[in-house]
Structure formats: structure tokens, C-alpha cells
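Note sheet for the following structure.
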Amino acid sequence: MTPSSNSVKTSRFNKVRTDIIGDTDLPNNLIKSLSKSPPHFYNHIIDKKGLRDIIAWAYKSHGIAATAELADDIKDLGFKYATVAAVSISIDDLKIPKEKKFLLEQAEEQITATEERYRLGEITEVERHTKVIDTWTETNERLVLAIKKNFNENDPLNSVWMMANSGARGNISQVRQLVGMRGLMANPQGEIIDLPIRANFKEGLTVTEYVISSYGARKGLVDTALRTADSGYLTRRLVDVAQDVIVREDDCGTERGIVVEADEKGNYGTKLVGRLAAQSVVVDNENRVLVRRNREIDLITACRIEAADIPSVIVRSPLTCEAARSVCRKCYGWALAHNALVDLGEAVGIIAAQSIGEPGTQLTMRTFHTGGVSTAETGLVRSTLEGSIIFGSKARVRPYRTPHGVEAQQAETDFVLQVKPNNGKKSQKVDITNGSLLFVSDSQEVASDTILAQIISGSSVKKSVEKATKDVICDLAGQVRYDEALQPKEVIDRQGSATHKATRLGRVWVLSGDVYNLPPNAKPVIQGNSKVEEGEVLAESRLSSEHGGVVRLRESTGDSREVQIVTTSMTLKDFKLLGESTHSGEIWHLEAKDTTRYLLKTQPGSKIGNGEVIAELADERFRTKTGGLVKYAPGGLSIKKARSAKNGYEVNKGGTLLWIPQETHEINKDISLLMIEDGQWIEDKTEVVKDIFSQIAGIVTVTQKNDILREITVRPGTLYPCNESKVIERFKGEGLLVDEEEIISKNLKAEKRVFVQSVETSEGPQLLIRPVEEYTIPEVAHLPELAIVKQNSGPYLGLKATQRLNFKDGELIKSVEGVELLKTQLILETFDTTPQMTVDVEKVTDKRSKTLERLQLVILETLLVRRDTISDASHGSTHTELQVNDGDLVKSGDVVATTQILCKEVGIVQLPKQIDNEPIRRIIVERDQDTMTIPLGSAPLVSVGQRLVDGDLLAENDPSPCCGQVETIKNNTIIIRIGRPYMISSDSTLHVKDRELVQRGDSLALLVFERQKTGDIVQGLPRIEELLEARRPRDSAVLCKQPGVLTLRHDEETDSSIAVIKSANGEETEYPILLGRNLMVSVGQHIKAGELLTDGPINPHELLEYLFADLRSRKPLMEAAREAIAKVQSRLVTEVQNVYKSQGVTIHNKHIEVIVRQMTSKVRIEDAGETTLLPGELIELRHVEKVNKAMFMTSSSPAVFIPELLGITKASLNTDSFISAASFQETTRVLTEAAIEGKTDYLRGLKENVIIGRLIPAGTGFSGFEEELRSEAGPHPDILDEDPAGYRRMQNLRPDYTVDMPAAASASPAALLDDPSDDELEATRSRHGIEVTTSNTAAFTRPVIVNKIMEDQILDPDIIASLQEEGLLTRE
């Protein structure tokens, strides 16, 4: 954009000399001239960034109004020229670069080569996938460069290009999709699909590409939706933790600060701008002070510091601020909104929370690059000349396999690599850093332009990696062979199951062959290594009967038919089987010769098991007329203990059952419907309640509750008056059985067995003599005659008759109708059935009389016979023959059917080795197409059993045409068994054993590999959350507990390494290094506490604990805590900043510092000493420091504590304000605890005040009461620090009530009323005869602004005394 002089009103900027703020890409001469006047005309392209800098400069120099005008003018200018030039996007503007075709061809070639390497077993499946993805990513990046070059050189004024380039509309990655290629897509699991979309939107997508494209698009939409919710919740938690951080002081007076370091190039960026120096910055060699302590660092000062090459500056920070429960202005520095020192009362906590939470939605899919290390941080170095490589004496390297499966070496030290030319010219020198990869070896001869190394810059952020697994699927059927190099070992896991793991990188081969799966119980009928023809029988399975019996053939269903063998049968030949139809289905009865009827409990055609009831005899002889009481006669009847009374109680021993009848009506109606009285004698057919009649005569008992009639009991019998109290007492309550001839009372003797009860009637106490019915229970139940037909080895089948009583001794049956006391059951006695062996209930026609039907129980052995099948991929064709006919009698072990597995093609059979007599489940036939015969022109160079890949030499000038194993060598002819190698990385789990047979599609192994987490939502938001919630990561890195020197030891038992660190005092600490973990340090190196020993995410709690423990051993408690916290704080700030930076989001450090300050402000008391604190309590560090100072002054023992790192949620719940905590989460728990502890909420934060509905103590609501309180406190200003009332007044909690006094010579202490009501004020005034209008006497008023008594006022002592008595006045 080239502004013309008439389109921008420059008059206003002519006379002002200015500075520019913000790091800028504008040329230096432009910057210099912008800050001078008058402005000159510059012909520069100004893009989005240039515009930003101009606006920032205008705002800094000329204020808001002028800047708004300038912005408006620039906008008009832009629109004017866009209109004149007719800038718009049309399809012709999308120009595809010619290089695209060439780049795609190159990529295809690379991928074909990779696929070939994979086929030859040189790289693993994971390495292939990584290489493919990296190839496409690189192609995409090269295509972007081609697009840029194409537009810049051929069509710089192209509309699409101008819009994307200037930042007006779209960006380069969108243009890439329009004219380059759409690129790689992710599937819903976030994994990258290795098939890229080669077309762009102008060319149009194929159907496949369209589907894959939709996959990625859908994922984008879903992720955006999820991100919004996650980001919102993160913001809410952040606001909650920091809402009470308000700038309350001007200067806390601290001398501490944090160190801000310059980057590798010596730049600070905006890290220093707006901060205050905690220590003066001095240029060492000149003794020149660049900025004094407690002075602001603006852009110019920052540039001077950079120019003086000062590596680090100590600045003040919210992290080190010592203001109580807030931040002071000097530690916070500039408010970023207006680039000046922050005002008092600014709610910096909420600003910080919003600044961190808001970009959460932007932490999105900016990257799709998973494999390898991203190209930005690594540099490939090529040789510039031809010569030999010299590593030098300092070089230490170890073998390394790159993620693409290239064998290389990794440098363990920094050294210089030289390429020494053969012609004696100057050598090429390359600086190799620790961790760089070398693709050449020492003394190797290299040509010009050979890749020598991949240099990894030291500053590269450690990418977070995760363990992932991938299955290796077999592409062909055959036999598995291990390579020697694999060295598998057995690993037993916690559950005790054994798995095999590869200890080294090596190949698993599958040698081709036709594998047959044998059905269970099939046995091979052919010898190993014998030749078979098509259709020949390979194996045979025999189906035999276990017990023998009579054969029944059923109709076939689906692909199998059923053969049933009747092993045992039992017919109930005494009984006729009778069926009758009812509306609820068919009911079957068994009728005996004496016409007693059993009800059949199992329907004919059903299957039953042992112990089930077949039939039940309902015996009318044991049916009562009414309800009543059951008693077992003593010394006779007994029952078996039953777990449940559902089916009654089995009779153990026969005897007499006694039945005392009574009638019980359950009513549940209003008492007003009762038509008789309690204790009344009634006749039968009497109406007891409306519409309810008694069936028998007897005495009535009425049960009622709350005027609701519950039940009415009628007990039959005879009433006898009785006045003997002993007799009445004896038969009280439930009553007693009285035997025949037993004396009941003086003039009463039992003629037969009766039941006696004493009852209260209107005529006084009487004896009720109740009749007893006797039922005789036989000793054993009658069992009908059975006819049993049984095989010798067959299971037993029988019936058992049992008698069951429905009620136990003393049970009361509440009923009007009669009940059954006893039932006889026929129960099946047999073995426990299995799915193959079941008991069936059948009806059969009687052999003598065709009209009669009998019940028969049979035990059936059911065998399923498979139909013939045609061969498929894993099975040969089968042929099944039945060896029996319907009705045949077979013996135990006889063969019922045979199934033969037939061979599909001509070949040689091989049987696998039998292990521990395990049955053979698969056999393999080696066919002609599984081998290749190769004639040789000269003597062979290979031996039998050797495994080869394509291109290996068999003899001079005879390369192998295939992969496989050499089977035979005869007369210069080689036969190779075709195979397929699969590369398996170390530590992978092997799913197959050596020489095992596998089908196509079986899993051979599970590769374990590390992959970088993708830097999208999976990496962004959850990572921020993980850091701010201070989560303990899974599989965290091993940290060093105390400083010392590292040595390594090998543990034979677990086959793992142990790192041993020996400290200065000779103490040794052991750290087991788990399998798959990489050591981050080398042997002999000195390591500090808290440093990483292995790779992996750091557990921040562990880090704080170890740092504190180490510092505690050398420094005082307070100093150690401060220093340990500072280190963890600095790490947290850096980590959070890294996540945002990786997504291109800029957040000022001070915002993150405010949040981190809240997370690290608390300590946990370990030993309270002589303080009033409690062990385990979480307390602010500042508070403990004060308490310990007091203890020191009184020579008491101080509190001992450990610093604690709290996640934002935990910190919010542990805040001083219970109102704020309760409104966040776990309301009930927080309020309950606050109530139990009797907490006070001083309403210091914003949230508490909003909830109570008061003015918030920030912004204009923040009153600067500090000075007034100081003057009021007089000679003891320190009491304000601890005095809650002081705080309350400072924040204007509520208007206090003051007393206006007449003028006086001397000052008096302040008097405050304890919040009286209007009526109380009025009453007090009138009682003391005070008028509101008077000025010479004290008048009680509610103040408007004044909150203290003026110094020239005095109080009448009598008035004070009476006010104090009434409790209306307190003395402060």
C-alpha cells in the first residue's frame, strides 16, 4: 500500500517528536524518521504487521482521537484503491504452480521406495507410516514455497495472493488448499490417514478424496464445539482462583524479583517492557547505569539493555510481591491497556484469568505433524566437497535408528566434524551438537552434496511423547520363523500370564503355504512330509456316543443335523396322562388307579433338571374349612430345615398335625362401618362389617389403628366363667394346648384335646375352650410304580416322593377360606445335566392300549453332525457320513458320524510339532505356487535354510527374484520357499511362536513405539489444564532427589538398569529405570536435585518436594521454601507460555504469574511448634512467616512447614472467603466446614461482594482508606495488618455510625455505634433530649461520607456512659 500525500491528513503529526512501541519489522530509517518531524514519503509495502506498528506508534504519540482518525483514513484509502483496482476473487485467480506435478511425482517415488523397504522387511510398520506421513508433510511445505514463488514472480498483483499475503482475507494454508493440495487429514481418533488428498479445490476432489476430506472437516467442527465448552470452564476456574487479586498498595517494598533472560540472539522481545527493575541494571565494563532500581523499563530502555548485551535482568513480578492478599503497583508494572503504571483498585486477577482463558478457543488444529521431529528445529547438513570424514578425538557416538528406519549414529557430546578433501584444499567443518544425528561414519569417503548430519538445536522444546501400539497383521498364510537377531524372552505380568517380547530389532518371517484349520477333536490321518493329491483326506473327526442307547434321527436344521441317543428312559406305568384345555393353556393330570390325581408341574416336551418337581398331589383330606393356628403334636411330627419356605417344609418324620380353626377378616376400612363389638360372642352368618359376614360362631376380636379397622378375628369354642387368677394367668396371651383328661380349673376337665385361652368379656374374665382338629401325617409318601430302561454306563434316573407341609409349628394362617396343609410331590432324581445331556419329559402311547397315554422321562445325548462344506480360504472342503440309522442300538464309545477334511490342491503336507500332547489345530500344505525354482549359471553362494530378500545374490550375477528361504540346492538349481519378512522393533510383544502356523489376517506382533502428541486440542487445552491443575502425570519422569554423581548398575532379576547417584557425603540413592525409558544424563555427570534422570513429563509436586528437601539441608526454612517455590513457579510460567507460543498465541507473562502466584501461596504445616496453628493445615506463607517471627522474638519454637502446590480448582476451594469457595464447587461441604470452624468472611474479593449484593472493592469502589487508617492507628500502624475491622473499614464494608460533637479543644477516641435501627436512633435522641437540628449538642446521625469523629469534637461523658450501658456504643 503506498499512501499518497493528499489521502492522509498528516498535518497533526508534523510538529510532534515521537517514539514507537512494539517490536516492528519497519526499516530502521523509517523508525528513526517517524520519531522526527516533519514526516517523509516512503514507498514501502505495508502489510498487517506494518499497519499494526503504525497504529501503535500513533496511539503512543498522539492519543486515541488522532489514532482513530488515522485508522479511518487508512481504511478509506484501502477501500478506494481496492475499488479502483477491482480486487475480488475469481476462479481464474487460482493459478496452480507448474512444479506441483514434479513434486507429487517425487513424493510418489519416495513412498514407493519406502513401501519396497517395508516389503523387504527393512523397516517396521510404524517406520513406514511415519515416513509416508513425513514425506507428504514435506511435499506440502515445498508446494507452499512453490506457490509463493509462482505468485511473486509471475503474478504479484493477483487478488487471492494480495489478500492472503497482506492478512486482509485468508492465510497461506487456505491458499495452499485452493491451488496446491489439500494434504493430509486426520480421522476421528486424531490419527493421520496416510492417504493424502493430492488434488486441490480448483482441480476438484475424487469421491475417495471427498470422503476423507469430510472426515477431517467433521473432526474440525466437533473439536471446535468441544473446545468452546472446555475453554469456558477453564476461564471460570481461573476467574475463581484470581478474582480477589486487586492492586491494593503502591509499593510492597520487596527487594526480591525474578530473572528475565534474553534468548539465544540476545533479544528480550517485550519481556522487559512495562516491568520495574528489582535491581539496577549496570553495564559492567563501563559502570554505566542503564536503569535504576524500582524504575520502569520502557521500550527505549529495553532496546538499550539489548544493545549492551546484558544476558539477564532482575525485574519485579507478582510472583515475588509481598503485598498481603493482593499485588502492589510496582510489582505488577504497566497495565497493558494504556502502557502506564497500573492504578490502585485494578482487578488484575480477573484480567489475568480472562487473558489466559480466552485464547483457549484458539488452541486449535494448527498442526497435523506427528512423525519425526518438526522441520523448524532441525537442520540437514550436506557436504560441500568430496573427501573423507574425520570425527576427531572428542567425538562420542552411539548407534541410533531414526523414526524412518534409517540406521544412523547419535552424538553424545559436542564436537566438530571435518570433511577432509582428497585434493588437499581447505576442509569443511560442521559443529555437531549433543543429540544430533550423523548419517556418515568416521573415515568414510563421501561425495559432494551427501547428507552428513541432522543438527538438533539445543533450545528445542522437549516434545511431549506418548506410548502407542500398532498391530502387525500377516498378509499371507504360512509358517512363522523367527530371525536369530530377535532374541525373544518370556515376560510374566502381574496376573501371572506369560507374553513373549522381542529384546532386539529383528525380523519375523512367514513362509507361504496353504493352512487348514482343523475342527475340534479332528486328527490328521496323513504322515508329515508326504505328498497329497486334490480331494485326498487330510484329517478326520469322529463323533461318538458317550453312554450308548437307542438312536433317534431328527430333521436337519441349517448347516447341521441333530442325532439324539436315548440313554435312559423311565415310564410311569401306574398313571394315565390326561390333558384338559383351559383359558390359560393346557393342564395335564396324572390319574392313579384309585383315582387320586396328581397335577403335572412340567409340560410334555419340556426339559427338566435334578431336584425339579414333576407332579404334585393335592390331597383333599388335608384341606381345612377356614384359617387357623397350626401346632405339631409333641414327640411326633418333625420337618427338615429349609433355606426358604417358598415350597413348604419337607416332612422328616410322620405324626399328628393339630389344627385350631379361626376366621380372620382383613378389612382396612373406616371404624364407623363396624357392626359388632370387641369381645362379643356372635353366631354364624352374622354381619360383622357392612357386607361382610362371619362363616362360624365364636368370640370376636377387633384390631384397629387410628380409627381404621384393620382386621376382625372370630374364634369358635365354648366360654366358661372363671375367677381363679392363677388359671386366668396360665392361659393368658396366645393360649395353651390341653391334653385329654387334663384338669383346666377346679370344676373343669378336658374330655378330649382342646386349646384354652383366657379372654376378657363384658361379664368379666372367661376361659375360651377351642376345638382342635387332628390330621395324621403318614411316615412316608406313596410312590407309584415305575418302569426304567437304563444303559450300563448311562446316568441314573429315578423319582422320589416327598411330603411337604405348607406351614411351620405355631404359624397363624389369617384367612376366611380353607387352606391346604400337606402336599405330596414327585421329584426327579438324576445327575446334574449338561448341554449335551438333558432330561426330557415326553408323552407316549401305551403299548397294550393305543388310547391310553403315559408319561415318560428320557435322558438324551444330543450330537450335532455338520453338513458337507465347500472349501474356503481357511478350511478345506469337508465330507460328513452318518454311521447309524434311526432306532439302532449303539454301545458306549461307538462312532455315530465321521467328518473328513479334504485337500484343495496338490502339495506336500507338513505337521506342526506337538507340544505337551496338545491336539494339532492347523496343518499346512506346501503347494507348487509356494516355491520358486531358479536355475543358476554358476556355483551357489547360499546354503540350505538361509533366508533371503529380493536382490540378494544366489550366485555370481544371479540375484534372488523373491523373498523366502532356501529349501534345496541340487545341480546348480535352487528351490526357494516364498516368504514375507516383517521387521519387529525391540520391546514389541510377539503374538506367535516360532514355527507356528498362521492364517492371513492374524496378528503377528504388537509394536510399541513413542509418538509425539499432535499439537492440536489434544495437546493445547488439556495440556494447559494439566499444568494449571498441577496434575500428577502418568508415567512421569524420574527426578533426582539429592545432588550427586551418576553411575549405572544392571539388575539381573528384573533385567533392567538402575541409576545410582552418590552424593558428596557418600550416600547412595537408587533409581530403577523402567524398560523403554531413555536416560537423559550420562554416566559420571554431576546432577542437581530436581533434574531429569529419564525422559517423560515432570510431576510438579515431586519437583517441589525434592527441591525443597535439598535446599532445606543447606538453608533456613523460610529461604528454602521461597527458593523452591520460585523455581517451580518459573517452570510453570515457562511451560504454560510454551503451549500458547506453539499455537502462535501471545500472552504477557505477568498474567500467568498472577495465576501461578495463587497456586503457590500456601504451605502445609508439618509441626506446629508452640504456635496456635494445626498440623496439616494449609496456611498462607506470609502468615506463617509473621507467626514464626513472633515466635523468634519470644524464643518459642516456630512452626515447621512444607510448600504446597495447589491446582486452580483446589486453590479456589481453599481460599479465605467461604462465600467465594461455596459459590464455586462442593457448596454443601464448604459451607458445613465453614460453619463448624466458625469462619468469618471479610468480603475482600469481588465475588463475595457480588453475591452479598454490595459494591465491589475494585475500580471506583476501591477506597483509599489506607492513609486515614494509618493516621487513626497513631503510633501502632502495624495493628492494621492483623486487624479485620481495619480491613473492613478500608473497604467500606458498611456505613459505620458516627456521632457529631460540639467543637472542643482536645481530641477524643472514635466512637462507633453498633448498627442501630432508625427507631433505636430516634429513641436514643429523644431520651437524651437531642434535636436533630441542634449543633451545640451531640446529634446521632447516619454519616454520608465522613467515617470518623472530627478531632475538634468532644463527647459528654454521661451520654457515653448511658450509651455504653444500652449497648449502642462500642469503644475502639
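Cβ atoms here come from the backbone N, Cα and C positions, even for glycine.
What you are looking at is a predicted structure, and each value in this text was computed from that prediction instead of being measured.
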Additional site residue, Cys252, Cys474 [criterion: listed by Swiss-Prot with Cys321, Cys328, Cys331 for Zn(2+)]: Cys252
Candidate with the highest Cβ count within 10 Å, taken from the binding-site residues Cys252, Cys321, Cys328, Cys331: Cys331
Residues within 8 Å of the Cys252, Cys321, Cys328, Cys331 Cβ centre (excluding the Zn(2+) site residues themselves): Glu249, Asp251, Thr254, Arg316, Pro318, Thr320, Glu322, Ala323, Ser326, Val327, Arg329, Lys330, Tyr332
For Cys252 (Zn(2+) binding site), the three-state class that DSSP assigns: coil
DSSP state at Cys328 (Zn(2+) binding site), helix/strand/coil: strand
